[in-house]
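Visitor: Annotations for this protein, taken from TrEMBL, read as follows:
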DOMAIN    B:21-589  domain 'Cytochrome oxidase subunit I profile'
TRANSMEM  B:38-56  transmembrane segment
TRANSMEM  B:87-117  transmembrane segment
TRANSMEM  B:138-164  transmembrane segment
TRANSMEM  B:184-209  transmembrane segment
TRANSMEM  B:221-249  transmembrane segment
TRANSMEM  B:282-303  transmembrane segment
TRANSMEM  B:315-335  transmembrane segment
TRANSMEM  B:347-372  transmembrane segment
TRANSMEM  B:384-406  transmembrane segment
TRANSMEM  B:418-444  transmembrane segment
TRANSMEM  B:456-482  transmembrane segment
TRANSMEM  B:502-530  transmembrane segment
Amino acid sequence: MTALLTIIVLVFILIAIWQMVKIFDLAQAKSGGDEIPGVATDKDNSLNGYLMMGFLAFIYVITIVSCVKWGDLPLLSNSASEHGPTIDNLMIISLVIIFFVQTVTQFLLHYFAFKYKGEKGKQALFFADNNKLEAIWTIIPVIVLAGLIIYGLNTWINIMGVDESDDPIVIELYAQQFNWKARYAGADNTLGKANVRLIDIDRANILGLDEADPNAQDDIITTELHLPKGRPVLFKMRSQDVLHSAYMPHFRAQMNCVPGMITQFGFTPTKTTAEMRATQQMKDKVANINEIRVENSKELIAKGEEALERYEFDYVLICNKICGKSHYNMQMKIVVEEEEEFNAWLKEQKEFKNSLIN
Amino acid sequence: MSAHADTHAHDDHGHHHKETFVTKYIFSQDHKMIAKQYLVTGTIMGVIGVIMSLLFRMQIAWPEQPNVIFEALLGKWAPEGVMDADIYLALVTIHGTIMVFFVLTAGLSGTFSNLLIPLQIGARDMASGFLNMVSYWLFFLSSVVMVISLFVSAGPAAAGWTIYPPLSALPMAQGGSGTGMTLWLVSMAIFIASSLLGSLNYIVTVLNLRTKGMSMTRLPLTIWAFFITAVIGVISFPVLLSAALLLIMDRSFGTSFFLSDIFIQGEVLHYQGGSPVLFEHLFWFLGHPEVYIVILPAMGLVSEIMATNSRKPIFGYRAMIASILAIAFLSTIVWGHHMFVSGMNPFLGSVFTFTTLLIAIPSAVKAFNWITTIWKGNLQMNPAMLFSIGFVSTFITGGLTGIILGDSALDINVHDTYFVVAHFHLVMGISALYGMFAGIYHWYPRMYGRMLNKNLGYIHFWVTAVCAYGVFFPMHFIGMAGLPRRYYTNSNFPLFDDVSNVNVIITIFALIGGAVQIVYLYNFFVSIYYGKKTVQNPWRSTTLEWTAPIKHIHGNWEGEIPHVYRWSYDYSKPGHDEDFVPQNVPLKEGEEELQH
Ligand code: HEM
Ligand SMILES: [Cu+2]
Ligand SMILES: [Cu+2]
């Protein structure tokens, strides 16, 4: 049935196009016809020249409208980590450069397409080469890019370089299809040795810790990631099955989790969850989201389903490397809190040696 | 010089063999027929690829809602009309694979390299017609295998077009990593064989079969682009082939090239010592050059079409060649920008940031040269010209965001988000597609002896152009909001509820843009039989292909192959009556040739 309908619709579309072609041909025949069939006439040149200007306007309008309507979506401020603002600054500088170049070059392209639209008898300029011009548009990008490269690499090296003298807390992020675990190193701040070959589900040794390793005894495994504000954190990432990626957008942090290998990423959280919720930007965002949820709930209720819960902001750790069927739902809540709260929370968690089932 | 060494041997080539239906239309060794075969096969694959993208876009816009179209097209993968999460990933994967390899590598480069190399350099055919035929049929076979893979019971490959192991290596990790992935790998291995045969043929032909007078610096930029593309292909495709073979070994013969320490579904696997990061290196050693394999031929076509329709020489012919060479060289040392957060040494990240931002320079030079080419021209707004201008426009829009993604520090937060999807679709997908459309509108008369309907062409271009921006421009915003790509739905993240209306808008533009391609398909297929007959040189172009008879003959020219006396861009040259001087017209007395 659907197939039949589809075929009927398609046939109608084809007939419509056929009729359209006939109308075009008639109109063309009336206005004297093309000199060469299928080749643009002065009239076509002129019409499409104007459309080029129209399209330029369209590009500008879609840019402005998108910025106005969706300008608050991008993560360009309100970052929650120490290095966040440097990334945001670099991003903003790059975006400004991009917008500038985009505006100018699109203008030139479309304006020339309009201005120099062809007319019979007009003579184009025979202009094949100019070394000065070539040099200019080689050197200008070189200068701009040199600036971006220097700034960018500086930022990158600062972010990726882990300074052990800062005494970071070491936390393992452990990925599996399709959830996350965090492992805290405990009082010794040293993660116990681990390998997936040591996993023993019956004994609840789910991350494959080496039960004989003294460093492993006080490790703490959790399903929520708590971080103390203001302390450098060094994440050690592991995966037990396929690639995953630990993406923490609000902290401007991301690193893949690779089976057979330990990867790392470090940052210092600067805003507790409560502080983040209290920022004006976040309040606006959450209010907006809740409006949308209320709206969506109406539909659900009409269908006899449950309404959506109210949303409250929480930091999240998102899987950002395709990892299978439920990739789209592989997340862990992140809580940033003051150091005392963090310590209190950590104390409530079970140490590895006490979590084993004998 | 070798340029005209074999003109004699080939001179009376055409008059010897009797052509049967099979040798003429199916197992043809004639480059013009092979070009058309590539184009039609690529078009069919393109239709499949675009429909797939529309399906998964509908899922993203209206997540988990029943849809009769899903039910009709996806069958068991859409129980009660709701798309399954596995098939979502499979659609994304096969869409990407088909678009990049089957449409924009084989469909684009295969079509136009075959059509134009012999005709524009003045050769009777490719260096080896037989290998050329084999190359097409391998491509056809790989297309068939890819399509068959859609129907295996556990589902087609679904690990993304990048097929990173272990996901792609372990059937227990994902349904699509079973038979579906095996077929994907087999299909790609055949595809690579086809591509290598084609590339070698193009290289040898360009180097050896140029007609008398056709020096390298008189070649149209199309030929330069096809030539360098073939060189890049020969350098990089074998690396993907080896990656695919090693992956096949890991999958089927228990080796551990890419796998180590895996615990999945309650058991430890035996793999030890391999590294998925190694696969990423091998993959992107092809994967990045691949985007230039896709875009360079489009650049060549656009350069040629812009010059012809501006009635002006291409601006900076030598700079254009130099930038093609620079891009080709740099493209082989930037692959690591896809791996900034893969866990490789951050110092390597620094190196790849440096090389990646360098490649922006030759790209910028090209963009400025195109803009200068139309400056003070006498622009003939044929559909091919519109698509060429559109190409420059999307290439700039998409290319500019490359300076964000190429910057390792910035990539941390936009890696694998919709920002990337926006970037590569504009700079590679849409641009190359425009290049391909431009080429089709321009050389259709050379292929079929008839013209495409220009008014349908105008409708096709303008609606497509608006929709392309409508689809991919907003994606930058949701990407910068942190929305990951390859997500079946975002409804598990209330955090992203505020991007859902953007996703609806994107999908509506996509559906309109997809639908308007019907106009193009109609134009293409109907004009083969009912289009208006073309004249010898409809665009008043300088290049040799327009001197060959409209009706295709084996060997391309009756009698002697034309000799070449000038470069291919003598448009509006002062001192001539016409605004173009074909390459086979000798210099007038006292006339100076430009640049050589
Ligand atoms: C109708 C036009 C198109 C639409 C609406 C479209 C849409 C999309 C979207 C939304 C995605 C991302 C899906 C996700 O990550 O969840 C995607 C992926 C992709 N598309 Fe397209 N696309 C179109 C045309 C093209 C073209 C012309 C190319 C050629 C290069 C292309 C190549 C790709 C590739 C390589 C991927 C990545 C696949 C992967 O993630 O494994 N697409 N497409
Ligand atoms: Cu994951
Ligand atoms: Cu790349």
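All residue numbers here begin at 1 and follow the chain in the order shown.
Just so you know, glycine gets a Cβ as well, placed from its N, Cα and C.
All annotation found in TrEMBL is predicted automatically rather than curated by experts.
Give me the structural setting of these features: burial, nearby parts and distances.
Guide: On the 0 to 100 pLDDT scale, the domain 'Cytochrome oxidase subunit I profile' (B:21-589) averages 94 in the predicted structure.
Beyond the transmembrane segment (B:87-117), the same-chain residues lying 6 or more positions past its ends with a Cβ under 8 Å from any Cβ of the stretch are 31-32, 34-36, 38-39, 41-43, 45-46, 48-49, 52-53, 55-56, 59, 74, 77-78, 123, 126, 132, 135-136, 139, 142-143, 146, 149-150, 155-161, 163, 174, 176, 180, 184, 188, 191, 194-195, 198, 202, 205-206, 222-223, 226, 229-230, 290, 293-294, 297-298, 301, 428-429, 432-433, 435-436, 439, 443, 446-447, 486, 488, 545.
Sequence-distant contacts of the transmembrane segment (B:138-164) (same chain, six or more residues past either end, CB-CB distance under 8 Å): 37-38, 41, 44-45, 48, 77, 86-87, 89-90, 92-94, 96-98, 100, 102, 106, 110, 171, 174-181, 183-184, 186-188, 190-191, 193-195, 197-198, 247, 276, 279-280, 283, 287, 486.
Below 8 angstroms of C-beta separation, residues 2-3, 5-6, 97, 101-102, 105-106, 109-110, 113-114, 117-118, 121, 123-124, 126-128, 131-132, 134-136, 138-139, 141-143, 145-146, 149, 156-157, 163, 219, 223, 226-227, 229-231, 233-234, 237-238, 240-241, 244-245, 247-248, 251 of the same chain, each at least six residues beyond the ends of the transmembrane segment (B:184-209), sit close to that stretch.
Sequence-distant contacts of the transmembrane segment (B:282-303) (same chain, at least 6 residues past either end, Cβ-Cβ under 8 Å): 100-101, 104-105, 108-109, 112-113, 162-164, 220-226, 228-229, 232-233, 235-237, 239-240, 242-243, 246, 314, 320, 324, 327-328, 331-332, 334-339, 366, 370, 373, 388, 391-392, 395, 424, 427-428, 431-432, 434-436, 438-439, 442.
If you look at the transmembrane segment (B:315-335), the same-chain residues 6 or more away from its ends with a CB under 8 A from one of its CBs are 217, 221, 224-225, 228, 231-232, 235-236, 281, 284-285, 287-289, 291-292, 296, 299, 303, 352, 355-356, 358-359, 361-363, 365-366, 369-370, 372-373, 375, 406, 567, 569, 595.
Only residues 6 or more beyond the boundaries of the transmembrane segment (B:347-372), in the same chain, are considered here, and those with a CB under 8 A from a CB of the stretch are 299, 302-303, 306, 314-316, 319-320, 322-324, 326-327, 330-331, 333-337, 339-340, 392, 395-396, 399, 402-403, 406-408.
Beyond the transmembrane segment (B:384-406), the same-chain residues lying 6 or more positions past its ends with a Cβ under 8 Å from any Cβ of the stretch are 295, 298, 301-302, 305-306, 309-310, 334, 337, 353, 356-357, 359-360, 363, 367, 370-371, 374, 414-415, 419-420, 422-428, 430-431, 434-435, 437-439, 441-442, 457-458, 461-462, 464-465, 468-469, 472-473, 476, 539.
If you look at the transmembrane segment (B:418-444), the same-chain residues 6 or more away from its ends with a CB under 8 A from one of its CBs are 39, 99, 103-104, 107-108, 111-112, 115-116, 291, 294-295, 297-299, 301-302, 304-305, 308, 382-385, 387-388, 390-391, 394-395, 397-399, 401-402, 404-405, 450-452, 457, 460-461, 464, 468, 471-473, 475-476, 478-480, 483-485, 520, 524, 527, 531, 539, 545.
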Visitor: With Cβ-Cβ distances below 8 Å as the criterion, list the same-chain residues six or more beyond the ends of the transmembrane segment (B:502-530) that contact it, or say none.
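Guide: 43, 47, 50-51, 53-54, 57-58, 60-62, 437, 440, 444, 448, 450-453, 456-457, 459-460, 463-464, 466-468, 470-471, 474-475, 477-478, 490.
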Visitor: Taking a Cβ cut-off under 8 Å, which residues six or more beyond the ends of the transmembrane segment (B:38-56) line up next to it in the same chain?
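Guide: For the transmembrane segment (B:38-56), the sequence-distant neighbours (Cβ-Cβ under 8 Å, at least 6 residues beyond its ends) are 69-70, 73-74, 83, 88, 91-92, 94-95, 98-99, 102-103, 106-108, 110-111, 114, 136, 139-140, 143, 146-147, 440, 447, 510-511, 514, 517, 521, 524.
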